[in-house]
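Each remark here refers to the structure printed beneath this line.
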Amino acid sequence: MNKNSSNIMALAPNTSNKRETVCIFGTGDFGRALGHKMIQSGYSVVFGSRSAQTSGLIPKDAEVLSHTEAAQKAAIIIIAIQRQHYNFLTQLAEILHGKVLVDVSNNLKINQYPESNAEYLAQLVPGAKVVKAFNTVSAWALQSGTLDASRQVLVCGDDKEAKQMVMDIVRALGLTPLDKGSLLAAQEIENYPLQLFPMWKFPILLSLGLVTFFFFYCLIRDVIYPYVYEKKDFSFFIAISIPNRICPILALILLALVYLPGVLAAIIQLYRGTKYRRFPDWLDKWMLCRKQLGLVALAFASLHVLYTLVIPIRSYVRWRISSQTISQALNNGTEPLNTTNAWLSDSYLSLGILGFFLFVLLGITSLPSVSNNVNWREFRFVQSKLGYLTLILCTAHALVYGRNRFLNPSSYRWYLPNAYMLSLIVPCIVLVVKFVLTFPCLDKPLTQIRQGWERKPQYSE
Ligand code: NAP
């Protein structure tokens, strides 16, 4: 009798300020933190514990009862207990029948068990309606009040009504529920807090690989080569010169890699004549981490700016300038200003400044707080049109830096071209292919494909 009446009580819409009673099994860190937050939000909380004794840590407005007694008082029971202790719940199967059990548990490792903890709970108490929620929120955040409404609580479960009840609680606590579907999604939700920057893995590993490659490349060309052939010790280049070579190279290559998957996707769609076939997995994953690639590129570009700013105070640079001045004085003649060189040098700097400015603008618009405030067209304009303009300016910056050095044999030490020349390969390919794709004979069919047209329709009428 008790069992059913508590269910009906909780399912009835809440018309007063006082909300329904919620039961929490477990008076550990998470149970207590959630209990506190719920009491603050107007819920009555009853704890189910192995020991009915209260302690100073337990919210004073909450009751602490045995599991059986506490379960009878509410329709929703939050299981704030580690999965390995769930076994005792089988003895309560009868009392838990028809109740909403909220599984908040996390694991120590990704895919630690063959089934999710929530599915395991549903197997142990088959008559209950299990909902997964709250596992992405920490006890500390609940207690310290560092949660804000933008914090999402991922919710899943097979029973729609039960899920709705839990989502109402989430909203009442000032959080945002995100319905992830049936209980099958629980495994993914449980893995979520255990992932370490999944979208950053590829950009960071790629950057580390490229940094290592270009470091040794520059070391061979700029330090080892002069030492072998001219007995000059330029090992101090490792501190500033080489990093200041690697940073712009990485920034340019990674920026080009942000736009390369889009170009490849266009080629694939043109080739297949449809947009309704999935891209290969590697391309899908690459497209998903474009924002992260762009932000890593921006970090390298910013470092390049900082390294460049210190150039005038470097002792090697000051020594070179003074020795040039002295040699001109000794030769009793000053070199006339080469206007072409002055033009090229100023253009190179100006292109770099404009490129960096747009780069920063791209970075800012990729922040959620900014991107949430622009519409789809504005976002596409910034990320695509301004993005390509940034790539053009940065590529032009590197091309003008190279000037006539591309064909100069002294640029090739041990047949190795200057590192910046390598950095131009990917951006130039992206820009040329993108330019070709704007030709009407390619752009028109591509636009049609993206609007749903198919060369060979899969489902002809
Ligand atoms: P905890 O501090 O160790 O508390 C667990 C509680 O479970 C204990 O206080 C105890 O409560 C109860 N318990 C322990 N052994 C038991 C047994 N053999 N039988 C029945 N009950 C037992 O752990 P917690 O940090 O609160 O975490 C609880 C759950 O919330 C875990 O599944 C965890 O993954 C999840 N979670 C925690 C956090 C967090 O930030 N801590 C965040 C998200 C999710 P009684 O003494 O009252 O019986």
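Just so you know, glycine gets a Cβ as well, placed from its N, Cα and C.
Keep in mind that TrEMBL annotations are predicted by a computer and have not been checked by a curator.
Taken together, the residues of the domain 'Pyrroline-5-carboxylate reductase catalytic N-terminal' (21-107) have an average pLDDT of 94. According to TrEMBL, the feature domain 'Pyrroline-5-carboxylate reductase catalytic N-terminal' maps to 21-107.
For the transmembrane segment (204-229), the list of distant contacts is 197, 235, 237-238, 241-242, 245-246, 249-250, 253-254, 257, 293, 296, 300, 413-414, 416, 418-419, 422: same-chain residues at least six beyond its ends, Cβ to Cβ under 8 Å. Residues annotated as transmembrane segment in TrEMBL: 204-229 (among others).
Summarising the annotation, TrEMBL assigns transmembrane segment to 249-271 (among others).
Helix, strand and coil content of the domain 'Ferric oxidoreductase' (249-394), in residues and according to DSSP, is 121 helix, 0 strand, 25 coil. Residues or ranges marked as domain 'Ferric oxidoreductase' by TrEMBL: 249-394.
Per TrEMBL, the feature transmembrane segment maps to 292-313 (among others). Same-chain residues lying 6 or more positions outside the transmembrane segment (292-313) and placing a CB less than 8 Å from one of its CB atoms are 199-200, 202-204, 206-207, 240, 243-244, 246-248, 250-255, 257-258, 355-356, 359-360, 362-363, 366, 387, 394.
TrEMBL lists 348-370 (among others) with the feature transmembrane segment.
Taken from TrEMBL, the feature transmembrane segment covers 382-400 (among others).
The annotation transmembrane segment is assigned in TrEMBL to 420-442 (among others).
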